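Report on one structure; see the data block that follows.
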């Protein structure tokens, strides 16, 4: 045995040596990485350490040092393939480094020589809420697992370093992690006095978090050796034996004595304890090699003795002692007492199993070299593989294909994945892809584009307008180059290039879908946003009389003016005019007498006020359980027929053809007795006009009709030429929302009644429906004698089929299913917090398409070739409602309480599958909503996402039911079931798609999951899929 303790091998500071918390040896044995309290990761040459006593040794000692953490580094680990080095610290960050082949450089102004090796930060992984305590790589480097003081076990991809899974199964701080050399399990040790064993299947290079939902399953939890273990250790570093048979667990107890527990594989119990340490153990580590108990070259020994193999384990802890054990003896082979001045925190073996490195809190690093035969005779590496072969070290943890057709189906299912990943990266980087060109919405006044599809129906193409010339591609490219080379001057006078978001280059706007219905995307020729351009002021209603009734109105009120209306933004009472003019007495909202001053005139013109007065309310609102605010009476309301701006470079003849130049104006007189004036003008010329006896509150318009809602609850409609379309429709209360879409008209009154009419058919699809159920009327009407505030209505729209879509201030989104006479909730905060698919629509339309899987039919391909600008995936009603929930619930900080509740529930053992079940339920909710609304493209997208999720989870019952429902209309005759709808329909199509095409795509999605191939192969045979010669379109077979 030889001990090496070089003085230079430390994390030295100006006044002291910093603590060394972790160390690791590279797979080739040439480098030693150490991490300490100075926030540095240092890489040393092991050859220089071995020759530290040679004065003539001139090769560099320290190869590199990295200081990319903001605090103490607790763990540092090389990946088994040697490509990466990972470090975790108390700044909650994990840094992954890789060795760059380019020469290293020093910082400007530094006198230090450049490092020998150039280790650069490759990734920074953010996923912990507290200190990162330990790291471990799987033996094939496919995953990296980190544990920390936040009780989380976070699993990262070893290829892309994407976060694959977060396991919150421990009830206290997690301080150790180790991997099974057979690559089937990993174990975590926690201060909740348990070690938990997780079973996993190594992920592939393209694996995502969605694929891993059924991976990393808790196998068992071991607690018996740790029932009274102390909680004073900084680490609980455990280790798995190289033959895969045992786990060595630090900080165990055997009665009152500290020990190291040896846990047996498969049985997962601990009958062996290594007793000898006087204090709690912090770390234990198996040597990576197996050892012979006798010299295999000694011919005097029998073959049985030569074949006997043992493992060697080192343990250390707070007693400053290092112990070496093997499985052949009950006593330690070697005990090195007082090896360090403070507790030993980490151990690392060299790859040959003959050298042991130890790190201590006193800042020292001690190297122990064992001579041949002291620990035993090192076995060949093939012995490790032979010992692990019984655990299936070379086999993937998956089923075996049952026949050739199953393998062919799997190959075709996986064929397009790599190409789809390239397409997705190209979409993110803004690459031009002519095959999937998408129409991008423009802002107000922008150039016209083809109108996107709504609810799966393609919008008709419109002829080009000479008043709207298209922008040439060269002009766009020039604009992008100018944006990329934009230079700004800072406060210090230095010039710098302003950064630009890559995904939005060339468009002038975000690549995320606009927060509106697809049919309501703002374009100069597309569908309109029917809301008036003037902002509504919703205030206290005007009852017509001051407080005190008619007597107060006639005789006045001598009470002093009280400063009221502060919350309504009213101005305080003005002082008496200095010119001696008499004050004008007005009635305030609460009946108090307030003096008002004369408005000074400018240039002889009295300015028109924006709001004249509050609207007079219907007496019905006093007894209504649902009460919505009524807008004030405005002096002037403008509503263009098409929302947009007038083109400057156009002749009067061309301008007369532009529909934006048709403007509806409603002018209310200050006196309630005088009529209001409704006039439609084109380029300043009156097209038609009419006078109404009541003040106008709301207006709406489209190319089919003009609509005006008055203060008395009446609704007036006109044809585009100004001819009365219907008699005035009288409602129960004042309108507060007025929307139109195609031939549909929506009106919501102040008592919460929603009316929908089809003005072409002059009928209503359903009776008036109350908003009370969705406004949580049950909880807000408990007190019968006072009004309780409830959730408010933020928007109300109609889709192209006349369904009412309503969003509330609490983030929930609803639509009215008129065939079932009930409100249905499409979006809510529960999905936002619990589902893994939330915000899956918040990406560009092309990236949204890539989340689907499946091939297009010939009709769709021909259609795409003929209509290059057509949008094939709708960002329609459901994405609109989910974005609204994100804005109202998540972005306004209302999700913390619900997130905490869900986190506490997930930590229970009986609720481990909560996140998975909520995610599946969220997809099922999307599919049901798209089917009810007839959203063709959304239904297909969510169906494919749902099929892929079921395949990843291996849900055989749901998969069988899904395939059976898809094939239902093909197998049954129309006389079997009458009146079926949706899934139960006997039609050849479902939601506008051919059932057979959908079934083919779903079978191709599920084909790569071997545990489901008994089902999928049967359906592939029914569909006559030629699995030997079938050619798969890689661009349309998309990714996860």
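Quick reminder: no glycine exception, Cβ is built from N, Cα and C everywhere.
The feature region 'Disordered', as given by TrEMBL for the ranges 518-539, 540-561, 562-583, 584-605, sits at 584-605. Residue ranges 851-873, 874-896, 897-919 are listed, and TrEMBL annotates 851-873 among them as region 'Disordered'. As a whole-number mean, the pLDDT of the repeat 'WD' (125-157) in this prediction is 92. According to DSSP, the secondary structure content of the repeat 'WD' (167-198) in residues is 0 helix, 18 strand, 14 coil.
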